[in-house]
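What TrEMBL records for this protein:
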type     : residues                                                   : note
ACT_SITE : 322                                                        : active site, thioimidate intermediate
ACT_SITE : 418                                                        : active site, proton acceptor
BINDING  : 265, 266, 267, 315, 316, 317                               : NAD(+) binding site
BINDING  : 317, 319, 322                                              : K(+) binding site
BINDING  : 320, 355, 356, 357, 378, 379, 402, 403, 404, 405, 406, 430 : IMP binding site
DOMAIN   : 24-493                                                     : domain 'IMP dehydrogenase/GMP reductase'
């Protein structure tokens, strides 16, 4: 009889772990460390959101009306990532948001205010978020620029009943082409001794960039590379559409605005409506990449792949403000969903977007290593300077509103179509409205997040996304399930108090 002990198996392969009938979240699983023979800085996380849309940073801003509009679009593109503009607005407005994000090569939007010389300024509220009011002949961005009024000029003006022509700065502001980057703008500001420059595109003033803006961004971590730039030389920006007949008209507006990729926005993407829309998009706009979803099973994914999708969005009920699993008893743990869909999608060369459940850099490492090409984030980016909405204070904390697109509040704006509820007499919420604390600028905290992800990849011995996927599928990369006690031990514990800072 052979008493040789069996070989010790260290951890589980992903195939074995995810075929035991359990639905795992990111927190449920942990990767075992592998072998390091390269520095963290050597990790290459460039990827694709879809077949033909490359990204140097695998981050995607979710198409939510409290996350992604023009400011987020410009900022994410400048980082090498991409934002998907939500569709909870009219087609014309959504197209205008895309044009706004694409009409500059800086990660800053100030939304300048224009007035004719005969106008009056009633209060500081007239400046909105801009430090200047630009004075043009007809009071819009396309007419001749005559001068400007700064907030300081207005505040120091004793007679507020005067027209702006009577106290505007008479000299014409310095202008530069819209395609100037921050370095070029900084040089012009120094040479001209100016406080701001105007960005001009097709004889239209699209924005202003102040010296303070430039100095602030210069204080952030250095941007890696030129950002996400399309074939047209502009920032790459995506957009969400639905699957109804009227969305074909919306799509036409978006294509004219220069959208780089569209996502069919549905909580359950395996439907006849979506299959038909995929085929329509690929027939009418064959050069435009279309991402289908959301899906969480191999069966769902196969149907959309056969219909011709260029990417898959994975997740159902895993977002912090999503209640689909609770309300409808349908969905899947996000770690399991990403692995299962990724295991079939890669065979067809279809990139996977892991949508939802991202609370920290460790979750990003897990999502990407389990087969995703990019991660889509909502709450992780909400509350940033670039997210839509105004800051307010709750219990002494500075916060911004963050709501699920399945909340009744968002549904009244049109997002009920996403849940196939636009024709229903009774609206059933699949999301909530909440608030998230002020995170500052994505230009500051995402580079730190990216560095943390690189260090995670270094620990598992993967120097690229493709390397991580190869290690997983070759059964070299091992995982284990964490008990509740292990999850507690793996976090901060045993302290009376602590300050949680990562940068």
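Cβ coordinates are placed from backbone N, Cα and C, and glycine is handled just like the others.
Feature map: TrEMBL annotations on the structure.
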residue: 265; record: NAD(+) binding site; Cβ within 10 Å: 28
residue: 266; record: NAD(+) binding site; Cβ within 10 Å: 23
residue: 267; record: NAD(+) binding site; Cβ within 10 Å: 23
residue: 315; record: NAD(+) binding site; Cβ within 10 Å: 28
residue: 316; record: NAD(+) binding site; Cβ within 10 Å: 26
residue: 317; record: NAD(+) binding site; Cβ within 10 Å: 26
residue: 322; record: active site, thioimidate intermediate; Cβ within 10 Å: 24
residue: 356; record: IMP binding site; Cβ within 10 Å: 27
residue: 378; record: IMP binding site; Cβ within 10 Å: 27
residue: 402; record: IMP binding site; Cβ within 10 Å: 22
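In this structure the C-alpha atoms belonging to residue 265 (NAD(+) binding site) and residue 402 (IMP binding site) are separated by 18 Å. Among the binding-site residues 266, 356, 378, 402, the ones whose Cα is located within 10 Å of the Cα of the residue listed as 'active site, thioimidate intermediate' are 356. Taken together, the residues in the domain 'IMP dehydrogenase/GMP reductase' (24-493) have a mean pLDDT of 87 on the 0 to 100 scale. Among the binding-site residues listed here, namely 266, 267, 315, 316, 317, 317 has its C-alpha nearest to that of residue 402 (IMP binding site). For the NAD(+) site, whose annotated binding residues are 265, 266, 267, 315, 316, 317, the maximal Cα to Cα separation is 14 Å.
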